[in-house]
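What follows is a short report on a single structure.
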């Protein structure tokens, strides 16, 4: 069993991926890797070995057990069945009767294809996940298992499979040291009993875990510095002049000794002058070291292939047959659909509401039949139905993208053939699609007054069902190739637009320019339009003889079809439906191909190394080598001569804290009868200035919960007990001003730099009497303190995608809180996810902060000896949220050790053992059961408890001359400064977000060019009614589609920023209104530029009249429509818990805007009871404005089919109800919508908090 150690960005994950055959195909790789002498081409390395990734990607809606069951089912049983058969045969031959229990266990592990299996239970038990087996995993928005448990699920997923070589990447992040020890110990048994090959990389392995390993690989800057037995590694470094001090974990020493900043303190040859030994020098030195020479010798002798057992290397690509894989994936997708049933119910409800509205607009009593002009309203009804069905499929885009990260993980690990996932999604959506289409047709068909014949009813249902399938297939395919929400939404709208423009409704076939006619034949919507129109207009009731001489057709129905350029025979329906089915099949095949062959979009990690500032490296490490972390001394860095901003030292005491949440549904199902679940039980304690307190407990003991309760960050649940701040009851508003909270998840705006993030926080949180230059100096000082000065211009990025590494992000979180100059700081696991060196930097920062007289509390999971002993006091919790120790640690933790050793039956600590690990081991539930005691009761009856109660009493009396906290204003900056700071950040953020903004301008350009060329110079000749309707169609589509694209693409951007906003709002940084103003302000600027670009393209190409007033009216309406569309999108995000629901709401709102925009049904034809909605619809005002300003004064004449020519101006007034003299009101209405949407957005983010904590 090998331990892989190395600082961040040293290449640990890359090495593991290379050894498991998972490197990106585009990378150049030289050298060769063999398993038992076989190269990768001879077997499947992805199945022979298992790689446990450091990123936890899981389906948030599945429980822990379901996740492990699924992976076990997919990975199969490997050679277990054959092994069992061989064993049974040998036992029979030798006459051995196996032990019945062992026999039953062996048989149970060899069963394949079952939904549940004993291996899952075993894995759950080993990883300590049995307590949360039936709790969903959860994500940022859904509450699920804790971070440490999620990490163990990632490990468990691979342990359930049959792989014999395990490569585990940073599996201990977020776990306490005793859990890590137990897991590694189990893996060690696998290695030694089952002869498995294992390599594990750990960030801060405690000594007892480190000692479990046989071999060590030390990697630094991509070079192997050492690879060999654990026993020889210290000898190797001593030969180079470096020695590991006492009470220092060997693993921590190894990670620091190759770093330029930390190397000097370990130099022990006093007679020789210290010089920096580079990584390359160590690597060269290792080759001449006896271990290195031995290894090179071994590598020269090739492995004999004949010695390999046939079952050792996996030659089948997947763990089960394709049919079994499909079954497993189908069951999982079905489960996910059940868990997400809200979305599907929501979509159907939405369709029902839309159908009810459409029915009352196109009521059969208002739909006369028999004249050519009557066809217009039926066309409107059919087109609206078609658009609704198309838009309904749009949600598939987001659903697909949401599933991709987990799918790519499973695909790359060969869980199942990619086509099974695609096919399962396609098959399972057929019934959904059928229900949605049927709901629409059943509700609308007869009420709207379509042809009353059963055959035609079912044919319309068939056409809509085929169209819905086509739309879903198209958006699934787009989701699979575009992979990110922003790009997919923008491009998805563009594709919808193209399909729609050439769908034969906006512009008939006869009027399409010759260079675009191919677009008409390639548009799936054109075939849908043909199918439903032919089905309706060839019914017997439209077979009245046609008397219009301008159209050569025998019946009215055929004349209507002909005037629109559609098919005029019954075969047109079947040909069109066939074409739609063809498109569906084509898009589905493309979707399956995309899933199979496209690479997962793992963004390049442009991580920046901290080692770049080499000049500071020398003087930074002038600290005494005997004691790397002095609890009494202040900074280990040179003392800062910098500024100290004044703050007020405060103590925080809390007494008898209880916290309850509603009993989770999963636990109720298991028979828990209580209505509430208690997470914290009677917790009391005190945190004082200048004292560093550690909050420790096993994973799930309630550390973060207690921290959230004390910091006032809980949004759900019931809290009992008292919390006092220097003797006065805690008031959340003032408390937020003087406290800082470093959350476990590092939430920051992705598109600003490190310096900008910190400066922004200082700007809004330092009191207003601190001037600019002092503020900037303070920011520089804090950046130097947390060693972020090298990274000042690095983009923050999204976690696990790009930008800062975990450890750099953690330091940024601390810096953002430190610049607020708080009196009390809470830090939730500041060292989890960091290697020993980074953890030392972070703890140095924390220690320096405490030494300024602040009150600091940290929850901590896996402390090494030196990290643990840099704390002054400890609050220890056990599962269930009970306190089992609260008090001082003492030098070398002697007070803690004395307390526990005094309890009868508790084993003594061994010399050099980590007290943190020891204390968690002796107080574990297992130890409690063995000794038959309850540590919480022992503490409650101890002298220590009485002493703590006295201290709490003492602190609950205000010190003499001390006033209760109060501030003259709610926020530290005035409203104007808040707006300036917020706008500055949003502006910087937008400027650095090309996927969003560049994409939006590219789409504007493409949309403009498509419209311009389709309606090329149509504005010049206005002779017939159809010309006017074509221009009306052009106006409507130009406004509606690009506006809708804006509305949809702004949502993910606002949703990502909203999680940051929640953190900043909880910290009391600014008024939500200033945030809303800044975010809308920056959008307005981009929208104005977008509007100018679009107007210039369209205005020139369509050939509208060049008159200043007409041009500026057009420009105003376009810009205003972009703004209200964008604000509407932002508003929906602020009103809903997730971007997905906001997206579904859009697919509800947009068809309604579409229906009442005055194009599908002109205002004069809308039933009187719906006219109000025409006036309530922003799009109708924009179309009114554009048409009135361009043609409202036109005195030319129009030819009308079946009637006399009329003046354009008169025609607009009589038929469309549009008058030029109404323009002033139209302009005002646009301002009204923008302001209204802005206020709803502003107030929603102020009053709604969708974060469940």
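Think of each number as a place in line: the chain as shown, counted from 1.
Note that Cβ sites are derived from N, Cα and C of the backbone, with glycine treated the same way.
TrEMBL entries are annotated by machine, without manual review.
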Inset, instruction - May I ask you to indicate which of 282-305, 306-329, 378-401, 522-545 is given in TrEMBL as transmembrane segment? - result: 378-401
Inset, instruction - Select from 1139-1162, 1163-1186, 1187-1210 the stretch of residues annotated by TrEMBL as transmembrane segment. - result: 1139-1162
Inset, instruction - Write down the single range among 947-973, 1028-1054 that appears in TrEMBL as transmembrane segment. - result: 1028-1054
Legend entry - Annotated stretch (transmembrane segment, per TrEMBL) among the listed ranges 998-1016, 1055-1073: 998-1016
Inset, instruction - From the ranges 342-363, 606-627, 628-649, grab the one TrEMBL calls transmembrane segment. - result: 342-363
Legend entry - Segment-segment contact (the transmembrane segment (488-507); the transmembrane segment (571-598)) at 3 or more Cβ pairs under 8 Å: no
Inset, instruction - May I ask whether the transmembrane segment (413-432) has at least three C-beta pairs under 8 Å with the transmembrane segment (571-598), counting pairs 6 or more apart in sequence? - result: yes
Legend entry - Any contact, the transmembrane segment (461-482) to the transmembrane segment (1028-1054), with at least 3 Cβ pairs under 8 A: no
Inset, instruction - Give, as a single whole number between 0 and 100, the mean pLDDT over the domain 'ABC transporter' (652-905). - result: 89
Legend entry - Paired segments the transmembrane segment (1222-1245) and the transmembrane segment (413-432) in contact, 3+ CB pairs under 8 A: no
